[in-house]
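**Q** Take this structure first; my questions come after.
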Amino acid sequence: MTRTGLSDTIAAIATAPGSAGVGIVRISGPDALGIADGAFRGRRRPSATRGGRFLFGQLVAGDGEVLDEGLCLVFRGPHSYTGEDVAELQTHGSPAVLARVLSRVLELGARPARPGEFTLRAYLAGRLDLAQAEAVLELVNAGTETARRQAALGLSGALGERVERIAAHVTRTLAALQAMLDYPEEGVPDEDRTVPLAAAEAELHALVGTARAGQVATRGARLALIGRPNAGKSSLLNALLGYERSIVTPIPGTTRDYLEAQLSLAGVPVTLVDTAGLRETGDEVEAAGVRQAVRLAESADLVLVLEDGSQPRDHLPAELPRETRMLRVRTKADLPAAWTDPGALDVSAVTGQGLSALRDAIHTALIGDAAQGEAWLTTERQADAARRALTHIQAARSLPDDLAGYELEEALRALADLTGRDVQDDVVDAVFRNFCVGK
């Protein structure tokens, strides 16, 4: 995103496309309230109104035509979202009305906002750190309760506060280390260096451990169902969904291509992938489906390996990579058992036996033990910065005091990258590139 024109007054429609009860045209910048004067007619001019107030009146075109009745909300910088003067013109959510109101605002001197420019200005004004800015986009896109909760925590500054606590431990250690090197006669106690650094490492290790959960909560997870033909993959998919999405027959090889379906499992957005049954076959079409099933399993966040518990156990003909996350499921638990395995979950798609336990196991496998009330790392950018900080702290703990200082300084730089207090422009641009225009 270009940084030119940041002193311009900008405007955009801030509500989603399509018809709605209410629509908003947002204006921000030094001339925002003066421009609102020209587009809004009420008992008082927006420019003569104190911040935090709203006015009722009419939205008007340049020739005086009344476009709609609505509200003008007035915010004065720095006490606004962007830190600048802001006017929000609220109308009925007709696309035609909003287009005319925006056109009038642009006629009066505003320029169209670029994607994410309102939030970029909030970041540059110090109203948000970079992690909070990312949380704005995550909150807009949140499709489940877990995603919403994490985005709200991020927007509240909870992640930044967590990072600042870690940085305070590192800073305290660095200060004690510097004092010991500069004034050895003062006898700085060892615990002044070791205790806070150990605390920083423990807290940062826990934070890094939330990265998988955070990214799964925000972008969702792909869950592949694999097994031999007639292992019950399609039946289990239908049972988890609560409706018939996949065709189920007693004929082996019914599923030859993969099939996807979306659902929310305990607040986590999940894409279920029903795959072809794994077996040696001379049918080229079915063989292609088998190869595809293995590829889908290798790229999935979690694999459910299904085995028919009512038939003699026959392990899969294909090997999955060692790092593949998987849960073993013994299907058809309503039928007499031909074998048992304490490491497998017993499930019946017919009676529903074990489905609740399976859902819980899937949630645990995807989210782990990340504390629900804590802020998580929700982007790869955040996770990378946290891992770098942890690496430098671990290096510092293994080095002599006269060499550890450099590693601690690098750890602080990585933590500053995480919150955006010290980050390069191209990284900031990459964050805001995915925003919609009205944000």
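Each residue's number is its place along the chain shown, starting with 1.
Cβ from N, Cα, C; glycine included.
The following feature annotations were taken from Swiss-Prot:
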BINDING   Arg26, Glu88, Arg127, Lys439  (6S)-5-formyl-5,6,7,8-tetrahydrofolate binding site
DOMAIN    220-367  domain 'TrmE-type G'
BINDING   Asn230, Thr249, Ile251, Thr254  K(+) binding site
BINDING   230-235, 249-255, 274-277  GTP binding site
BINDING   Ser234, Thr255  Mg(2+) binding site
**Q** Quiz question: given the binding-site residues Arg26, Arg127, Lys233, which has the greatest number of C-beta atoms lying within 10 angstroms of its own C-beta?
**A** Lys233
**Q** To the nearest whole angstrom, what is the C-alpha distance linking Arg26 ((6S)-5-formyl-5,6,7,8-tetrahydrofolate binding site) and Ser234 (Mg(2+) binding site)?
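**A** Their Cα atoms are separated by 48 Å.
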**Q** In angstrom units, rounded to an integer, how far apart are the Cα atoms of Ser234 (Mg(2+) binding site) and Arg127 ((6S)-5-formyl-5,6,7,8-tetrahydrofolate binding site)?
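**A** Ser234 (Mg(2+) binding site) to Arg127 ((6S)-5-formyl-5,6,7,8-tetrahydrofolate binding site), Cα-Cα distance: 50 Å.
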**Q** How big is the Cα-to-Cα gap, in Å, between Arg127 ((6S)-5-formyl-5,6,7,8-tetrahydrofolate binding site) and Lys233 (GTP binding site)?
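**A** Taking the Cα atoms only, Arg127 ((6S)-5-formyl-5,6,7,8-tetrahydrofolate binding site) lies 50 Å from Lys233 (GTP binding site).
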**Q** Using a 10 Å radius around its CB, how many other CB atoms surround Ser234 (Mg(2+) binding site)?
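**A** I count 23 other Cβ atoms within 10 Å of it.
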**Q** How would DSSP class Arg127 ((6S)-5-formyl-5,6,7,8-tetrahydrofolate binding site) in three states?
**A** coil
**Q** To the nearest Å, how far is the Cα of Ala276 (GTP binding site) from the Cα of Asn230 (K(+) binding site)?
**A** 10
**Q** Based on DSSP, tally up the residues of the domain 'TrmE-type G' (220-367) by helix, strand and coil.
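**A** Within the domain 'TrmE-type G' (220-367) the tally stands at 38 helix, 36 strand, 74 coil.
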**Q** Using a 10 Å cut-off, grab the number of neighbouring Cβ atoms around the Cβ of Ala276 (GTP binding site), all chains included.
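**A** Here the count is 27.
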**Q** Return one of helix, strand or coil for Arg26 ((6S)-5-formyl-5,6,7,8-tetrahydrofolate binding site), based on DSSP.
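**A** Where Arg26 ((6S)-5-formyl-5,6,7,8-tetrahydrofolate binding site) sits, the three-state DSSP reduction gives strand.
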**Q** For Glu88 ((6S)-5-formyl-5,6,7,8-tetrahydrofolate binding site), just count the other CB atoms lying within 10 A of its CB, please.
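**A** If we count other Cβ atoms within 10 Å of Glu88 ((6S)-5-formyl-5,6,7,8-tetrahydrofolate binding site), we arrive at 21.
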**Q** For Asn230 (K(+) binding site), what is the tally of other C-beta atoms lying within 10 angstroms of its C-beta?
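**A** Total other Cβ atoms inside 10 Å, all chains included: 22.
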**Q** Between the Cα atoms of Lys233 (GTP binding site) and Glu88 ((6S)-5-formyl-5,6,7,8-tetrahydrofolate binding site), what distance do you get, rounded to the nearest Å?
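**A** About 52 Å separates the two Cα atoms.
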